[in-house]
Amino acid sequence: MEQNKDPQMISKHSSRLPIWVLSPREEQQARKNLKTETYKKCANFVQAMADCAKANGMKVFPTCDKQRDEMKSCLLFYQTDEKYLDGERDKIVLEKINKLEKLCQKQSSTK
């Protein structure tokens with residue numbers, strides 16, 4: 001990928017950080033995205049726990065231990081392995097790169 005050293009393009013880029021460095025807000029968004037994806041991937045375990053809890057009411061803890069442990073294991077698998085969080089970070093960096101490339105194209109077409 002060719003880097004554009006155009007000063008106008010650089011001045012319109014709102015961040016002083018390199019494009020691959022995430023701001024705290026972007027890091028928070030990556031973690032939120034990971035949580036959403038994790039719950040999608042573990043939906044069957046989460047649903048099994050919810051169904052068990054609904055069926056057993058106050059006796060949920062001794063009765064639903066198996067479902068809770070399976071749900072917890074699935075959720076922690078995705079949330080503690082850095083490669084999944086890195087994947088979400090990569091998605092945000094790619095979005096930033098695409099926005100910057102569109103800005104560069106827009107600036108080059110106006111000249």
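Using the three backbone atoms N, Cα and C, a Cβ is placed for every residue, glycine included.
Within the same chain, no residue sitting at least 6 positions outside the domain 'CHCH' (39-82) brings its C-beta atom closer than 8 Å to a C-beta of that stretch. Annotation source Swiss-Prot lists domain 'CHCH' at 39-82.
Within the same chain, residues at least six positions away from Cys74 (disulfide bond) with a Cβ under 8 Å of its Cβ are Thr38, Lys41, Cys42, Phe45. The disulfide bond feature in Swiss-Prot is assigned to Cys42-Cys74 (among others); the stated evidence is sequence analysis.
On the 0 to 100 pLDDT scale, the motif 'Cx9C motif 1' (42-52) averages 97 in this prediction. Annotation source Swiss-Prot lists motif 'Cx9C motif 1' at 42-52.
Here Swiss-Prot flags Cys52-Cys64 (among others) as disulfide bond, drawing on sequence analysis. Cβ contacts within 10 Å of Cys52 (disulfide bond), excluding its own Cβ and spanning all protein chains shown: 18.
The annotation motif 'Cx9C motif 2' is assigned in Swiss-Prot to 64-74.
Under the three-state DSSP scheme, Cys42 (disulfide bond) falls in the coil class. The Cβ of Cys42 (disulfide bond) has 22 other Cβ atoms within 10 Å, all protein chains considered.
Mapped onto three states, the DSSP output places Cys64 (disulfide bond) in coil.
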